[in-house]
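Structure first, then comments.
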Amino acid sequence: MDALQTGCVHINTMFLATRTLVSLSVSFYTTRIVIQQLGAADYGLFNIIYGVVTFFTFVVTAMNDSVQRYIAIGVGSQKISVIRDAVKNSMFIFVISAFILAVCLLLARGVIIHNILNIPKDSIENASVLYLVAVFSITILIIQTPLNAMVLAYEKMSFYAYMMIFEMVAKMSMALLLTLLEKDKVIVYSILLGSISFFNLLVYLCYCLICFKKSMFGGRIKFRVLKEISTFSFWNIFGNFSYMCRVQGVNIVINMFYAIAVNAAYAISITVFKCN
C-alpha cells in the first residue's frame, strides 16, 4: 500500500470515528429530550409503529452490501460500463421494491393497527397517521440505498460523515422544537423526521449527479446483473431477517402482552445496545 492509499485510509477512519462520536453524543441527548416531550406512551407508540414498518424492509436493506460490492468492483477495475450497469440495475431493484413494499404496507395498515398491535383506543388515530408517515420515510430510505452504496464504493467518507452528523443535529433540532408545541407532538415529530429523510435523499441525489455524473447515466437493465445482485445478497437477507426478528420481533411481542409504555423502555435499551 503506497503513501497515498495509507493517507486516504487514515483520513476516512478519522471521518468515520468523528461521525460515531458525534452521533452517540447527540443520540443520547436527543432521546432524553424526545421522551420528556412525548411522554412514555407516545414515545412507545412512535417506536412500535416505526418498528413494525422497518421489520418488512429486511430484504431490501440487506442488498446494500451487494450493490456496494458490484459498484466497487467497477470502480476498482475502472470499467465505467460495469459501474453504470450496477447503478442502473440496483436503482431498478430498489425503486420497484420500495413501491411494492409501500403498497403492501398500506393495504395491511388496518390489520396491523387494529388486529396485531396492542394500541389504546384513544391512540388509534395517531397510530394511523404515524403509520403513513413511517411508510413514506422507509420508502425514501430504500430508494436512497443505492446512492449510499455509490458514495461508500467511491470512498467519499467525508461526505458520508457530514451527512450523518447533519442528520443527527437535525433530529436534535426537531426534538428541541417539540418544546414549543402544546399538542400533537408525536405527529409533528414524525412528519419532521420524514422531511429530514426526504431532504437527505435530495442531497444524496444531487451529490451523486454532480460527482459521479458518468456513472449515473447509461447502463442497461440486465437479467444477469439483477440475478447476481439478488443471489449474492441471500445470506445477508437471512442474517438481516434474523436480526429484525430479534429486535423488532421482540418489540412486537412486548406490545402484544404489555402496554406501549413498555415499548418505550425497550426502545431506550436498543439505543444503548447500538452504542456497543
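Backbone N, Cα and C define each Cβ position, glycine as well.
Fair warning: this is a prediction, and the values are worked out from it, not measured in the lab.
Annotated transmembrane segment per TrEMBL: 43-63 (among others), in sequence order.
Residues or ranges marked as transmembrane segment by TrEMBL: 91-117 (among others).
Residues 45-46, 49-50, 53-54, 57, 60-61, 63-64, 67, 87, 90-91, 94-95, 97-99, 101-102, 105-106, 109, 112-113, 186-187, 190-191, 193-194, 197-198, 200-201, 204-205, 207-208 of the same chain lie 6+ residues outside the transmembrane segment (129-147) yet bring a C-beta within less than 8 angstroms of a C-beta in it. Sequence annotations record features per position, and here TrEMBL assigns transmembrane segment to 129-147 (among others).
Per TrEMBL, transmembrane segment is recorded for 159-181 (among others). A Cβ distance under 8 Å defines the sequence-distant neighbours of the transmembrane segment (159-181), meaning residues of its chain 6+ beyond its ends; these are 15-16, 18-19, 22-23, 26-27, 29-30, 33-34, 37-38, 148, 151-152, 188-189, 192-193, 196, 200, 203-204, 207.
The annotation transmembrane segment is assigned in TrEMBL to 187-212 (among others). Panel annotation: around the transmembrane segment (187-212), residues 34, 37-38, 46, 126, 129-130, 133-134, 136-137, 140-141, 143-144, 147-148, 150-151, 154, 156, 159, 163, 167, 170-171, 174-175, 177-178, 181 of the same chain, lying at least six beyond its termini, place a Cβ under 8 Å from a Cβ of the stretch.
Annotation comment: TrEMBL describes 252-273 (among others) as transmembrane segment. Within its own chain, the transmembrane segment (252-273) has Cβ neighbours under 8 Å at 27-28, 31, 35, 40-41, 43-45, 47-48, 51-52, 55, 116-120, 123, counting only residues six or more beyond its boundaries.
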- Item | Close approaches to the transmembrane segment (43-63) from elsewhere in its chain (Cβ under 8 angstroms; 6 or more beyond its ends) | 34-35, 90, 93-94, 97-98, 101, 104-105, 112, 116-117, 119, 123, 126-127, 130-131, 134-135, 137-138, 141-142, 145, 186, 189-190, 229-230, 233, 236-237, 239-241, 243-244, 247-249, 251-252, 255, 259-267
